[in-house]
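Enquirer: Quick one: structure below, then a few questions.
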Amino acid sequence: MSNDKIVILTGAGISAESGLGTFRDEDGLWAQHRIEDVATPEGFHRDPDLVHAFYNARRAQSAEAKPNAAHDALAKLERDHPGEVLIVTQNVDGLHEIAGSTNVLHMHGALNGALCASCDSRWPAPLVMHKTDACPQCGRATTRPDIVWFGEMPYYMDEIWGHLASADSFVAIGTSGEVYPAAAFVQEADRGGAHTIELNLAPSSRVSDFAETCFGPATQIVPQWVAQELSR
Ligand code: APR
């Protein structure tokens, strides 16, 4: 693995065994809430109280969650190969960072971030946010969770496309491959000559795009894959 550049995409499945719900499994978040109500700018404009309540509940749950063996294994991989591992996560929990990963891009934002819808300033989110919270910068009561909603542009995309084009390996962990642009990352990495691997509980909708697959719970298959990488 010496001097290899590994880009790892993670989704809700890597945090499932830490007790955080996924979106599209049968008991997932999108079975309990309507996306248009809690994960779109229009939904926030229509009912900011409902949206803040949804993210306050997720923030409280995330604050109680602990990294699992999959998060820990990825942090070990980065420690043993500094500068060669990038995690691009669709997740808004902080479990990668708590496990010790430092090179992490949150393309869908993060529960611990707050954003002002008027002046675009950002600051650490309190555990509980309300629609009446004033922006510390402009003072307007237009604060929202710093989460990328459907219809909004994910963060860091230019940087991510560049990393994918020059990756030696691309590994997708715990994601259904249902949401773009993340679902297109495997094809971009493949085009750049990367070896592509899917580590998931079950085949994702992009499974046929991957050169290598391994199915099982992330807490089992991710440490196994990391051990193989470190022994190469
Ligand atoms: N170990 C490994 N994979 C798992 C586990 C587990 N213990 N449990 C579930 N999975 C897999 C499921 O098989 C599924 O393929 O994780 C994936 C979860 O898929 P989704 O619920 O669709 O989550 P994700 O892919 O992260 O969703 C992407 O959609 O709603 C938006 O912004 C939201 O970031 C999210 C994006």
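Every residue number used here counts from 1 along the chain in the order it is shown.
Heads up, the Cβ atoms here are built off N, Cα and C, so glycines get one too.
What TrEMBL says about a protein is an automatic prediction, not a curated fact.
I grabbed these lines from TrEMBL:
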- 1-232: domain 'Deacetylase sirtuin-type' (DOMAIN)
- 11-30, 90-93, 174-176, 200-202, ALA218: NAD(+) binding site (BINDING)
- TYR55, ARG58: substrate binding site (BINDING)
- HIS108: active site, proton acceptor (ACT_SITE)
- CYS116, CYS119, CYS135, CYS138: Zn(2+) binding site (BINDING)
Enquirer: What is the one among the binding-site residues SER15, GLN90 whose Cβ has the most other Cβ atoms less than or equal to 10 Å away?
Expert: SER15
Enquirer: Under DSSP, is CYS116 (Zn(2+) binding site) helix, strand or coil?
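Expert: In the DSSP reduction, CYS116 (Zn(2+) binding site) maps to strand.
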Enquirer: Name the residues of the same chain, 6+ apart in sequence, whose Cβ is under 8 Å from the Cβ of CYS119 (Zn(2+) binding site)?
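Expert: Non-local contacts for CYS119 (Zn(2+) binding site): CYS135, GLN137, CYS138, ARG140.
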Enquirer: Please list the binding-site residues from PHE23, TYR55, ARG58, GLN90, CYS116, CYS119 whose Cβ falls under 6 Å of any atom in ligand 1.
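Expert: The ones that qualify, in sequence order, are PHE23, GLN90.
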Enquirer: To the nearest whole angstrom, state the Cα distance for the pair TYR55 (substrate binding site) and CYS116 (Zn(2+) binding site).
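Expert: Here the two Cα atoms are 16 Å apart.
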Enquirer: What other residues of this chain sit with their CB within 8 A of the center of the CB atoms of CYS116, CYS119, CYS135, CYS138, the recorded Zn(2+) site?
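Expert: These residues sit around the Zn(2+) site: ALA117, SER118, ASP120, SER121, PRO136, GLN137, GLY139, ARG140, THR142, THR143.
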Enquirer: Here the binding-site residues are GLY11, GLY19, GLY174; which one has the lowest number of other Cβ atoms no more than 10 Å from its Cβ?
Expert: GLY19
Enquirer: In whole Å, how far is ARG58 (substrate binding site) from GLY11 (NAD(+) binding site) when you measure between their Cα atoms?
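Expert: So the Cα of ARG58 (substrate binding site) lies 16 Å away from that of GLY11 (NAD(+) binding site).
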Enquirer: Judged by the number of other CB atoms within 10 angstroms, which among PHE23, TYR55 is the least packed of the binding-site residues?
Expert: PHE23
Enquirer: Of the recorded positions ARG58, HIS108, CYS116, which one sits closest to SER15 (NAD(+) binding site) when you measure Cα to Cα?
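Expert: With Cα distances computed to SER15 (NAD(+) binding site), the winner among ARG58, HIS108, CYS116 is ARG58.
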Enquirer: Restricting to the domain 'Deacetylase sirtuin-type' (1-232), what is the model's mean pLDDT?
Expert: 96
